[in-house]
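Record features, source TrEMBL:
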| type | residues | note |
| --- | --- | --- |
| ACT_SITE | B:C131 | active site, nucleophile |
| BINDING | B:N70, B:A71, B:V72, B:G73, B:L74, B:N128, B:N195, B:T196 | substrate binding site |
| BINDING | B:N128, B:K168, B:I194, B:G220, B:G247, B:G248, B:G269, B:T270 | FMN binding site |
| DOMAIN | B:7-290 | domain 'Dihydroorotate dehydrogenase catalytic' |
Amino acid sequence: MSVDMRTYLAHVELANPITTAAGCAASGAELSQFFDLARLGAVVTRSITMAPRAGRPTPRMAETPSGMLNAVGLQGPGVEVFLEGELPRLVERGARAVVSIAGGSVAEYTALARRLADAPGVAAIEVNLSCPNVEDLGRVFARDPAASAEVIASVRATMRYDVPVVAKLAPDVADIVAVARACIDGGADALAMINTPLGMSIDVDTMRPALAAGTGGLSGPAIRPLAVRCLWQVHAALPGVPIVGMGGVMTGRDALELILAGACAVSVGTALFHDPYACLRILRELEDLLKERGFERLADAVGLAHRPPGAGPRHRIDLEESSL
Amino acid sequence: MSVDMRTYLAHVELANPITTAAGCAASGAELSQFFDLARLGAVVTRSITMAPRAGRPTPRMAETPSGMLNAVGLQGPGVEVFLEGELPRLVERGARAVVSIAGGSVAEYTALARRLADAPGVAAIEVNLSCPNVEDLGRVFARDPAASAEVIASVRATMRYDVPVVAKLAPDVADIVAVARACIDGGADALAMINTPLGMSIDVDTMRPALAAGTGGLSGPAIRPLAVRCLWQVHAALPGVPIVGMGGVMTGRDALELILAGACAVSVGTALFHDPYACLRILRELEDLLKERGFERLADAVGLAHRPPGAGPRHRIDLEESSL
Amino acid sequence: MQVTGTVLTTRRVDAYHALTVVAPGIAERFRPGHFVSVAIGGPHTSMPTRRAFSVHDVKPDYGGTVELVFAVRGRGTAWLAERKARDTLDLVGPLGRPFPVPRDPCACVLVGGEYGSASLFALADTLQQRGCRVDFVLGAASADRVFGALRARRMGETTTLTTEDGSLGLRGRVTDVLPAVIADARADVVYACGPMAMLRGVTAVGVEFDIPVQVSVEESMACGYGVCMTCVIPVIGEDGVTRMVRSCVEGPVFRGERVRFEDIGTIPFDALGAPGGRAQEGGAHTRNVS
Amino acid sequence: MQVTGTVLTTRRVDAYHALTVVAPGIAERFRPGHFVSVAIGGPHTSMPTRRAFSVHDVKPDYGGTVELVFAVRGRGTAWLAERKARDTLDLVGPLGRPFPVPRDPCACVLVGGEYGSASLFALADTLQQRGCRVDFVLGAASADRVFGALRARRMGETTTLTTEDGSLGLRGRVTDVLPAVIADARADVVYACGPMAMLRGVTAVGVEFDIPVQVSVEESMACGYGVCMTCVIPVIGEDGVTRMVRSCVEGPVFRGERVRFEDIGTIPFDALGAPGGRAQEGGAHTRNVS
Ligand SMILES: Cc1cc2nc3c(=O)[nH]c(=O)nc-3n(C[C@H](O)[C@H](O)[C@H](O)COP(=O)(O)OP(=O)(O)OC[C@H]3O[C@@H](n4cnc5c(N)ncnc54)[C@H](O)[C@@H]3O)c2cc1C
Ligand SMILES: Cc1cc2nc3c(=O)[nH]c(=O)nc-3n(C[C@H](O)[C@H](O)[C@H](O)COP(=O)(O)OP(=O)(O)OC[C@H]3O[C@@H](n4cnc5c(N)ncnc54)[C@H](O)[C@@H]3O)c2cc1C
Ligand SMILES: Cc1cc2nc3c(=O)[nH]c(=O)nc-3n(C[C@H](O)[C@H](O)[C@H](O)COP(=O)(O)O)c2cc1C
Ligand SMILES: Cc1cc2nc3c(=O)[nH]c(=O)nc-3n(C[C@H](O)[C@H](O)[C@H](O)COP(=O)(O)O)c2cc1C
Ligand code: FES
Ligand code: FES
C-alpha cells in the first residue's frame, strides 16, 4: 500500500511535498532534461525581480564544512521576460509553479504581485523577504517583523484571492516566531523557512574574502539544525499554519526530520547541485520511511515530534530559549 | 625566526592567542593531565553561576553535519566552590584564567562580579550573555542590545578596574553590530564571539527531539562561516575593539581565518572533544602559517582581510547585508 | 593517550563486527572496564564527535593490540564496519574508571547484555588469575546478538544464556535467571555491562541478595575524558547527596546501588543544583538561572 | 548523466595526477571539450560541492573509460589524489558545450596552459580525422607542470613548449611564441585551454591575426549543469549586449573575442541588469534591488 503523499499550501493541493528551493533550479528547463517536472510537488522559481539583474561578481560561491556560501545576487531576466518565457514553459511541462518574488521596497513587491496577478499557472507566490529595503538603509525585510508584515499585506491585497501567499523567512533574527506571527497577521497563507543565514569565508592563502561580495548565504546540511529549530518554534507557536521547510535536506531522512518538526512541504536546494535527481530520490526515500513507520498519510507525520511525550522520562522537553 | 605571538585583551597580555572556549574544558584539571595549561594564551573557565547547577537532563548532545548540539545547561559547582577549588588550582598550574560568568538577572551577574572582584588570579571576566533573563520572560540577554549593555555596565562598575570585562555575544540576532556596540558603550573592554546559535535535531527513528531539552547550542565547523561573518562585521564597525573569536576552529588554518576577519585571540571548543591536544596543535599550526606568510607578529594579521583590495578586480567587496 | 593505530583484522561475529587495532600504548595501560574513543570518517569527515567502545581484548602481538566489538547503529558505526585491514584508526584511550577487582579470592557473577558481554572476558581473566570463581550470565534479544557464549562456556564455572525470543538458552531475561546463579555460586559480587534497563534489574537483584553490583553504564558522550559534561547520570555520593556525575571519568563503572537508574534522563528534584532545588553546597543565592 | 564509476588506474604525471575511471555512459557521449563533475569525500563527506574536471581521454576498454588529469589544489583534489584502483567515483557528465570543430579541413593551433593541455588531445584527434593540420603550443610555470609534451610531439605538425623559468622549451609564455606558430602554420583557428590570463593573451593574438579563437574557461562552479548561477562570466552576445552567462552550460568553450576577460570578477556597468544600469530587456521598472 502506498502512502498518501498529498499536501496543501492553504487550499492548493500538491501531489507530494517535495519542491525545488527558490533560486536553486534556474528556469526549470535545466532539470527537465533529467526528469519530468510534473513529478515534483511544485517547482519554486528563482526570485523574480521587476528589472533584469546581473547579480553579483564572481567568485560567487565557496564551500564550507558541510555547507556552501553563495552570493548570486538574484541574477535573473526580470518579470517581463519571465512571464513571456520561463513561466509558460513551466506550465507547459505540467509543473506546479510557485513563483518567488523579490523587491527592494514595498512598492516593488506590490508591482510584482500586480504583474503576476493575472498570469495563468501561478500556483502560489513565495515572497522572498531576505532583500535589503532601500527605504530603510538597506536593512533586510526579513529581520524586521513590521517591514515583513507590510510587504506581505500589500502582496496579499494585490494577488488574486485564490493564489496563496507564502512568506519566506530567514533564520538570522532574534525571534523567528515574532517575524512569523507578523507575516501571518499581515495575511500570509503559509510560511517558508529557512532562507540562508549570512555567512562568510576567508581564503587563508590570498588572505581575502573567498566571495567577491564578501558575505554570502550559507546553505546545505550545516544549517539543518537551524532549520529544524525554526520550524519547531514556529509550528509550536502557530500550529495551524502550513510551513514549507528547507535547509540542508539531502536525503529522505532529512526531509522527514523537517516534517516531524512541522513542515508540510520540503524544498530542496543545495542537494540539487550535487545530484540533479535529488528531489525524486528524496521523495522516494521519504515515502519508504513513512511506509516503514506505518504512516498511511504524510499529513499524519507533520509536526509529530511535538506530540506529548510517551511515558519514558527521556522525553521531557523543556523549551527554554537559551542554547546553554 | 619565530613569530611574536603575543596578544592583548585590553591591557592584559596573553603569551599567545589560543584559549579554551568557555564550558569546553570543565575545571581545567582534565586537560592538565595532557599538557601544561600555562602553554595556552588563557584558560576560559566554564560559565560560573552563583549557586551550583545540575544542568539539563540527558541526552545532552547530538551530532549534526560538521557540528554538534549541546544542552549541558551550565552544570557547575557554583561560585563558592569555584573560588575555593577550581580557580586556585588553575592559578597554581600557572594558567591565565579568564572567568566566564552567567546569570539570570542583572543582579545575579553583578553579585558574581562582586564575588570575583577580589579573587586573585582572574585575568579577565567573560560575560556569557546567552542566558535567559528571568525578569524578561526568559528572553536571552544576548538578543537584546539594551539588556546586554545593562549587564555589562553593572559588571564593569563592580569589577576591579584592572580586570578587563569581555562581552560574549551570540550570532542569532538580527544585528550583531548593534549588540556589540551596546556592550562597548556599556563599558566592555573586549568582545567574544560567537556563542552557539540555537539549533535542534529530531531523531527520525524515535520521532522525538534528539536532545532531552529539545533545543541546544550548535557548535563546530558548521558554524564557522557565521563566526567569520560576525567577526568581520563587528571588526569593520568597531576596528579598535579586541575580539576573541571562536566557532568551529579545528586547525591552524581555521584560527587564521578568524584572525584575518578581526579576532586577536581564538578560543577552541568542540575541537577539544575530539583531541585533548587541539589547542597546542592549533597554536603550532597557526605559528607555522604566519611564518610561511612572512609575518613577524601575530598582531599584523589581525583583521588583515579588511585591508583595501589590491589592484585586482577580483577583490571588490560589496557589503550589502543580504545573503542573496 | 591518542594513537593512530593500524587495523590488523576485521571479522563478523554474528550480529557484531570486531576490529583488532595495533595500539601499543593503549594495550599496555589497559585494565578491564576501560574504553576507547574512535575518530570517525577520516580527515574530511562531517562527523566531528568520537565514538566510545569498550575494549574487548588486548593481545601482545605487534607491541600490543586492542579489539573492539560493536553493533552498527548509526552513521559512525556504519563507517567503522567498513574499515579493512591496514586502514588506520585514530584512538584515544584507555579511558574511564575500570572495574574494581577484589583483593581476595571470591565468587563473582559476570552479567552481559548484547555487546556488553564484550568487556567481561578481560575482567574474568583478571578475576581468575586472582583465584576468583567466575560464573557467566549472558543475554540478548536473540541468539545472534548474544556475544561470547563459547568463550564464556570455556572460562566460566557455569554459563547461563538467555534470549528474549528463546532462540538460544532460556527464554527470558538475564534477571530471570540471575537469582539462581547467584545462589548456586554463593556469589560475593556481581559485575554487569549492558543496556541501562538490564543494569537496573541486575542491581535490584544484587540489593535483594545484599551483595555489591558493579555496573558499567553507557550514556551519550561527546569527549570521553571529562571536559564536555554531556555524559552525566544521577549518582548518590558517599554523603547521600545525588549529583549529576560524568560517566566517562567517574564511570563508566559505578556501584549499582548508587546509580539512580529510574531517574536517568531527568534531573532528580533533590540532585545538587537541581532547578528550584536547594543548593546543598556553597551558594548564598539559591536562585537558579532558570 | 550520473555514473558510479570504478577507478581502473591511477598514475602520477609530473606535477599531476591522472585517474582512469570506468564510465561507459559518459565515454560514449563524450566530445572534445566536455567536462565531468566528481563527488568528493564519500557518503559522510563535509564537502557537498562537486569538482569539475576536463576529460583528457576516453578509451573503449571495459565498455568505456574516461581519464581525468588534475593538480592538487585544495581539500577536494587532495582527496581525489588518494583514490586507488577499484575505488568507486561518482561522476556526472559529459557536461558543457564542447569545442566546435570546422566542417572543412583547416590549420589549427592548439594552445594549452598547465593542466589545460589535457583537454586538447582528444580535440587534436578529431581535427586530424577531419584532415586538419594541428600545431601545439604548450606552456606552464615549470617543466614538471607542462602536461602532454610527448604526446603533442607525436601528434602535432609542430610543438612549441614554453616555461616561465626556462626549465623546458623557451623561457616565457605561450603568447610570446604564438604569433610565430600561427604565421608558420598559416593557422585558420586557435583553440586554447588554460588559466584566464593566458586565454586573454591568446585571444588578443587571435584578434591581431584576425582568426577565431575558441577558449575553454574555468570559473568556480557549484553545480556544473546550469542551475546554481555561480559560474558566470561577462560575455558579449550576438546583439552586442553583455550578459553574465553560465560557463558550465553556455561554456566552458566560448569564442574568445566575446569574453570580456578584463571584466571577469566584476559586473561590467553596461551588462544586462547591472546595478544602476539601464535594463535593456523588459522591465517597466529600472529600479534595481540595490
Ligand atoms: C563507555 C561506552 C562503551 C561502549 N562500548 C560499546 C561497545 O563495546 N560496542 C558497541 O557496539 N557500542 C558501545 N557503546 C555504544 C557506542 O558508543 C554507540 O553505539 C555509538 O557511539 C553509536 O555511534 P553511531 O555513529 O553508530 O550512532 P550515531 O547516532 O550517529 O551517533 C551520534 C553521536 O551520539 C553518540 N552516541 C549515540 N549513541 C550512543 C551511545 N549509546 N553511547 C554513547 N554515545 C552514543 C555517538 O558517540 C555520536 O557522538 C559504548 C558506549 C559507551 C559510552
Ligand atoms: C570546466 C572546468 C574544467 C576543469 N578541468 C580541470 C582539469 O582538467 N584539471 C584540474 O586540475 N582542474 C580542473 N579544473 C579546476 C578544478 O575544478 C579545481 O581545481 C578544483 O575544483 C579545486 O578543488 P579543490 O577541492 O582542490 O579546491 P577547493 O578550494 O577545496 O574547492 C572548493 C570549491 O571551489 C570550487 N573551485 C575551486 N577552484 C575552482 C576552479 N578553479 N574551477 C572550478 N571550481 C573551483 C570547487 O569545485 C569546490 O566546489 C576545471 C574547472 C572547470 C570549471
Ligand atoms: C545558489 C543559491 C541561490 C539561491 N537563490 C535564492 C533565491 O533566489 N530566492 C530565495 O528565496 N532563496 C534563494 N536561495 C535559498 C534557498 O532557496 C534555500 O532557502 C536555502 O538554500 C536552504 O536550502 P538548502 O540548504 O537545501 O540549499 C538560494 C540558495 C542558493 C544555494
Ligand atoms: C558542550 C559545550 C558547552 C559550552 N558551555 C559554554 C558555557 O558554559 N559558557 C559559554 O559562554 N559558552 C559555552 N559554550 C560555547 C563555546 O564556548 C563556544 O562559544 C562555541 O562552542 C563555539 O566554539 P566551537 O565551535 O569551537 O565549539 C559551550 C559549548 C559546548 C559545545
Ligand atoms: S563525555 Fe565529555 S564529560 Fe563525559
Ligand atoms: S555551475 Fe551551476 S550554473 Fe554553472
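The backbone N, Cα and C atoms fix where each Cβ goes, glycine too.
Inclusion criterion for the binding-site residues B:K168, B:G220, B:G269, B:T270: a C-alpha placed within 10 angstroms of the C-alpha of B:N128 (substrate binding site); this criterion is met by B:K168. Chain C has a C-beta under 8 angstroms from the C-beta of B:V72, taken from the binding-site residues B:V72, B:K168, B:N195, B:G269.
Listed recorded positions (B:N128, B:C131, B:K168, B:I194, B:G247, B:G269) with a CB under 8 Å from any chain A CB: B:N128, B:C131. It is B:A71 that, of the binding-site residues B:A71, B:V72, B:L74, B:I194, has its Cβ surrounded by the most other Cβ atoms within 10 Å. The two recorded residues, B:L74 (substrate binding site) and B:G269 (FMN binding site), show a Cα separation of 15 Å. If you compare every pair of Cα atoms in B:N70, B:A71, B:V72, B:G73, B:L74, B:N128, B:N195, B:T196, the residues listed for substrate, the longest distance is 16 angstrom. The Cβ neighbour count for B:T196 (substrate binding site), using a 10 Å radius and every protein chain shown, is 29.
Among the binding-site residues B:A71, B:V72, B:G73, B:N128, B:G220, B:G248, residues whose Cβ is positioned under 6 Å from ligand 4 are identified as B:V72, B:N128, B:G220, B:G248. Of all the binding-site residues listed (B:G73, B:G220), B:G220 sits in the most crowded Cβ setting, with the most other Cβ atoms within 10 Å. Of all the recorded positions given, namely B:C131, B:K168, B:G247, B:G248, those whose Cα is no farther than the 10 Å limit from the Cα of B:N195 (substrate binding site) are B:K168, B:G247. Sequence-distant contacts (6 or more apart, same chain, Cβ under 8 Å) of the residue listed as 'active site, nucleophile' comprise B:L74, B:A102, B:G103, B:G104, B:V140, B:F141. Long-range Cβ neighbours of B:N70 (substrate binding site) (same chain, at least 6 residues apart, Cβ-Cβ under 8 Å): B:R60, B:M61, B:T196, B:G216, B:G217, B:S219. If you take the Cα of B:G220 (FMN binding site) and the Cα of B:G73 (substrate binding site), they are about 18 angstrom apart, rounded to a whole number. Counting Cβ atoms from all protein chains shown, B:K168 (FMN binding site) has 29 others lying within 10 Å of its own Cβ. Long-range C-beta contacts of B:T270 (FMN binding site), restricted to its own chain and to partners at least six residues apart, with a cutoff below 8 Å, comprise B:C24, B:G67, B:M68, B:S219, B:G220, B:P221, B:G248, B:M250. Counting Cβ atoms from all protein chains shown, B:G269 (FMN binding site) has 27 others lying within 10 Å of its own Cβ.
Counted within 10 Å of its Cβ, the other Cβ atoms near B:N195 (substrate binding site) come to 30, all protein chains included. A 10 Å cutoff on Cβ-Cβ distances gives B:G247 (FMN binding site) a total of 32 other Cβ atoms nearby, all chains included.
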